[in-house]
Amino acid sequence: MSTNPKPQRKTKRNTNRRPQDVKFPGGGQIVGGVYLLTRRGPRLGVRATRKTSERSQPRGRRQPIPKARRPEGRAWAQPGYPWPLYGNEGLGWAGWLLSPRGSRPSWGPTDPRRRSRNLGKVIDTLTCGFADLMGYIPLVGAPLGGASRALAHGVRVLEDGVNYATGNLPGCSFSIFLSALMSCLTTPASAYEVRNVSGIYHVTNDCSNSSIAYEAAGMIMHTPGCVPCVRENNSSRCWVALTPTLAARNASVPTTTIRRHVDLLVGAATLCSAMYVGDLCGSVFLVSQLFTFSPRRYETVQDCNCSIYPGHVSGHRMAWDMMMNWSPTAALVVSQLLRIPQAVVDMVAGAHWGVLAGLAYYSMVGNWAKVLIVMLLFAGVDGANTHTVGGTEGFATQRLTSLFALGPSQKIQLINTNGSWHINRTALNCNDSFKTGFLAALFYVHKFNASGCPEHMASCRPIDKFDQGWGPVTYAEPSISEQRPYCWHYAPRPCGTIPASEVCGPVYCFTPSPVVVGTT
């Protein structure tokens, strides 16, 4: 039996009509005058032939053949994409030039350099080159070469794991510029600073020269866990620790200069991120740190044995000293996290537009890791108030609870004794009213007597009566008639020094961790 289709007779009805498709028993067919062979293999997007048990069921809707989605937007500066402006090719050539001659041969399809991009080209080229050089050593080249190749593959696996983890966590996309910002926050510090005296090492809180990171006018940025001891005019003196990494000559020195540096740094980071070249800017920044030279302004010595937290003797001071020496980095993170609320107010009031722009941009793109890094970076140099780092947290808590202090209050009652009336208590005066919190005074104004307060406050001077500016903190003479304890400008008497033999109780020796040396 012939399989050729039956020829049709040409009539007026079917002369101009489109030729019909013809199917053959073998699976072939003629479509538009072209013979098509049977398609072998499964067809994408179309359900296969149903089983006999399924033919009684209604046929479901066929799925369309999937089509490859065209990439939308930019394809560069994304995780896994090469850098623009020939950055990927340039780093590839840099790795080729840095690699030894033995690393030029390829390792085949499992070569780690096939999957590397950007800075990964340099890392993988060096590890593979080292493995090839180990393989050329006589006698032991085979085992050393195999171990070195396994090490190179392990490094590549770590790079792939880091790229996958940091590229798929929401809000935590990692970049080299993020590591550059983190390098400004803290430098890994040892738990103790030591000084060498005639071959004998003593544990001290004084910063060594290697712990000094940056020096400005009246300020020193250093690693956490120490306090600078500066020699000036043939005398050594401990500087005041404003933050765990920032010390000043005195507590009144403004930190505007350091905060402007942070403004410029965060503004540059935001601009680089907006231009999608953050990794390139971060690489330039990290490399520039290797060649940065800052002249020394001050002579730092280690003969002061400063306390990390200056102030009166308290349990909070001893606990803070112990924490700073136990883990300087942990103390730094805790201190900066607690300073974030005050830092937010300072960055708005101080018009730090670079930091505000960075926070706004990173928040809009959902990069919360960089938002936290910028907040910690600004909190690390935010020393606008005169409270030292150890007392800031305690003072903030005391200031919050003082708003709800009820103050001394009493109920006035009349008592009839033997026909005469007596008042059991005297009324509250203005001196006791000073101890009432602000919010409590608003809600309980009817419970205390404010008589005499205007007369008391008349002796206090407004702020325009004082000299403006900043400088060393001096003690006001409390014997002046204008000084009153309830005035805002009242200064207490300076602390004196008494011999330990006159102290009744334990005597503390403030080494890096306070130690009780005896009891008098």
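Here the Cβ of each residue, glycine as well, is placed from N, Cα and C on the backbone.
N250 is the residue among N250, N325 that Swiss-Prot describes as N-linked glycosylation site. Cross-referencing 84-87, 164-167, 192-195, 364-367 with Swiss-Prot places the feature region 'Important for lipid droplets localization' at 164-167.
Looking at S56, S116, Swiss-Prot tags one of them with phosphoserine, and that residue is S116. Secondary structure at N234 (N-linked glycosylation site), taken from DSSP and collapsed to helix, strand or coil, is coil. Geometry remark: N196 (N-linked glycosylation site) versus N209 (N-linked glycosylation site), CA distance 13 Å. Between the C-alpha atoms of N305 (N-linked glycosylation site) and N234 (N-linked glycosylation site), the distance comes to 17 Å. Taking the C-alpha positions, the distance from N250 (N-linked glycosylation site) to N234 (N-linked glycosylation site) comes to 18 Å. Around N209 (N-linked glycosylation site), a 10 Å sphere centred on its CB holds 10 further CB atoms from the protein chains shown. Cβ neighbour counts within 10 Å, taken over all protein chains shown, single out N305 as the most crowded of the glycosylation sites N196, N250, N305.
Around the Cβ of N234 (N-linked glycosylation site), a 10 Å sphere holds 5 further Cβ atoms from the protein chains shown.
In this structure, N196 (N-linked glycosylation site) is part of a beta strand by DSSP.
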